[in-house]
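Okay, so here's the structure we're looking at.
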Amino acid sequence: MAPSLSQAYRRRWWMAVTSIIENLLFSAVLLGWGSLLIMLKSEGFYSHLCTENVTEADTNVSLTEQTVWPSCIEQEEILNLGFTIGSFIISASTLPLGVLMDKFGPRPVRLFGSSCFALSMVLIAAASYDPKVLSALIFIAVSMNGFGGICLTFTSLTLPNMFGNVRSTILSLMFGSYASSAVTFPGVKLIYDVGVSFSVIFWLWAGFACLVFLNCFINWPGESFPGPEDIRYSKDFYKIKTFISQKISISNKSCSFQSMRISRKKIVNLIIQKNVYIVYFFGTAGSPPFYRSVCSPIFLWSIITMAMSQLRIIFFMGALNKMVEFLVTHGDPNLNLYSSIFGTLQLLCLVSCPLIGYIMDWRMKECEDVVISAGGEKSTSGPPKRDRKIQKLTNAIRAFILTNTLLVIFGIISLIDNLPIQVVSFVLHTAVRGFIHSCCGGLYAAVYPTNHFGTLTGLQSMISAVFALLQQPLFMWMVGPLKGDPYWINLGLLVFSLIGYLLPGYLFYHRRQITKEKTARDSLSLSQSVQQSNSLNLNK
């Protein structure tokens, strides 16, 4: 039986830590494609296509025999197609996942995702026994791998709701572990290089994925995680609900309690905090329709920004080996060294993402909290402080400006024909990968209702994934007419990345409009208070 929200709340740190580890080892591991590609070529996947135009020979050494598999451009193109399909599914699956998660909660989605990931590992291991016949299984495997991995990542994104004012920081750690999962295949390749069998590695990986299934089955609740202000996390919630049902008799129309008219269609949950009755209403009232969130300018600008960033990031990862090979021909022989450096640097996402989370949470504790008393009147929990909505927008503006500036610097360095300098681009690429998802997730969590978060994130990811499919024709253009030289493609993507400043520009304009409206409301409220005070003095 699934635990209740109050039980899950008590286990929230266990769930958060295990989610970070599971994201690191089982989510978007396919983004470490460069290392997996080397292993697949060494195992002879699609090497039967290399009847001519052989470019190199990959050697698979075991204790008993040595097999040399030919390698060619045709093999690399079809394997890169597998990466394109897998990376597309990682992003495109988020829309149906968002709808399912908003409706059924994260538990069933996570259980199904861990099962798909385990099955993908089984398929890869099975295909390695006879790659000439079973190479086509790699397309099914990477599809299930991408889908299962994004299920684990996506379901962990609402878990930070249980952490209140540090929600954006915990959310950034989830995105950081997702982005850092690209280091997993480079780590697996190190194990492979010391002589461990390819099939044994993937059979064991499938077994570990079953532990993810078991952890979810035991600890994850059957309902969605509400916003951090929701009292259903409280262990006293069900006692309070029983108390209210005993004290209030709800008729077919309405009832009166503490001078309030309460509709039967609303669920009223009452708690006592600091001797103040606080009433929370759950239902359709107060939540804007979904189409209004989708058609908002902030969401539309975020789609453009994320589509551009995804194409830039995915193309660099898919074409990394070929770009490094092109630079190697200019005098640096350490291809494996730089590939290993890039893979290891993916762990920086775990360090860089909390920085964006800290920026998104900056001074949120200083913001005013509005409570609703039993008399139905709104009041602040203390002296006047910062406006919460304005502070959220300010933090988002800073986060997106920093992220896009790093993306532009990364694009400039990518144009330099020097392999050691490209290590700096590796660092910037890793930082941007973690930053951009954390920025977007934090923006949606700050601006839109909690019950829209999953679907909006999924829709944005699906549109970005469709746009990122352009990386396949760009890759073929690079290895074909451009003969491996990525300069002109990188230059075009650098110019394209400048549109990323449009989103923070609009957020700045939107914040100014909200500030003006707030100033007008405060002025009106002050004038009304003065008029009431004057009228009372005249009556005296």
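Each Cβ is built from the backbone N, Cα and C atoms, and glycine gets one as well.
The transmembrane segment annotation in TrEMBL covers 12-39 (among others).
Summarising the annotation, TrEMBL assigns transmembrane segment to 78-99 (among others). The list of residues near the transmembrane segment (78-99) in space but at least 6 beyond its ends in sequence, with Cβ under 8 angstroms from a Cβ of it, reads 28, 30-31, 33, 37, 40-41, 45-46, 49, 109, 138-139, 142-143, 145-147, 149-151, 154, 310, 314, 317-318, 453-462, 464-466, 468-469, 471-472, 475.
Taken from TrEMBL, the feature transmembrane segment covers 111-129 (among others). Note on the transmembrane segment (111-129): residues 26, 43, 45, 135, 137-138, 140-145, 147-152, 155, 198-203, 205-207, 209-210, 212-213, 216-217 of its chain, located 6 or more positions outside it, place their CB under 8 angstroms from a CB of the stretch.
Residues 12, 15-16, 19, 22-23, 26-30, 40, 45-46, 48, 79, 82-83, 85-91, 93-94, 97-98, 101, 106-107, 109-110, 112-121, 123-124, 126-127, 170-171, 174-175, 178, 181, 209, 212, 220, 224-225, 441, 450, 453-454, 457-458 of the same chain lie 6+ residues outside the transmembrane segment (135-159) yet bring a C-beta within less than 8 angstroms of a C-beta in it. What TrEMBL records for 135-159 (among others) is transmembrane segment.
Under the heading transmembrane segment, TrEMBL lists 171-192 (among others). Residues of the same chain lying 6 or more positions beyond the ends of the transmembrane segment (171-192) and with a Cβ under 8 Å from any Cβ of it are 16, 19-21, 23-36, 38-39, 42, 149, 153, 156-157, 159-160, 198, 201, 205, 317, 339-340, 342-358, 360, 430, 433-434, 437-438, 441-442, 445.
Among the features that TrEMBL reports, transmembrane segment is placed at 198-218 (among others).
If you look up TrEMBL, you'll see 298-317 (among others) marked as transmembrane segment.
If you look up TrEMBL, you'll see 337-359 (among others) marked as transmembrane segment.
What TrEMBL lists as transmembrane segment is 396-416 (among others).
Packing against the transmembrane segment (422-446) from elsewhere in the chain are residues 157, 160, 167-168, 171-172, 175-176, 178-180, 182, 298, 302, 305-306, 309, 313, 316, 324, 327, 338, 341-342, 345-346, 348-349, 352-353, 355-357, 360, 392-393, 395-396, 399-400, 402-403, 406-407, 409-410, 413-414, 416, 452-453, 456-457, 460: each is 6 or more residues past its ends and has a CB under 8 Å from a CB in it. Among the features that TrEMBL reports, transmembrane segment is placed at 422-446 (among others).
Taken from TrEMBL, the feature transmembrane segment applies to 453-475 (among others). For the transmembrane segment (453-475), the residues of the chain that approach it from at least six positions outside its boundaries are 77, 80-81, 84, 87-99, 101-102, 154, 157-158, 290, 293-294, 299, 302-303, 306-311, 314-315, 318-319, 322, 440-441, 444-445, 489, judged by C-beta separation under 8 angstroms.
TrEMBL lists 487-509 (among others) with the feature transmembrane segment.
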Paired segments the transmembrane segment (487-509) and the transmembrane segment (298-317) in contact, 3+ CB pairs under 8 A: yes
Tell me whether the transmembrane segment (12-39) sits in contact with the transmembrane segment (396-416), defined here as at least 3 Cβ pairs under 8 Å among residues 6 or more apart in sequence. no
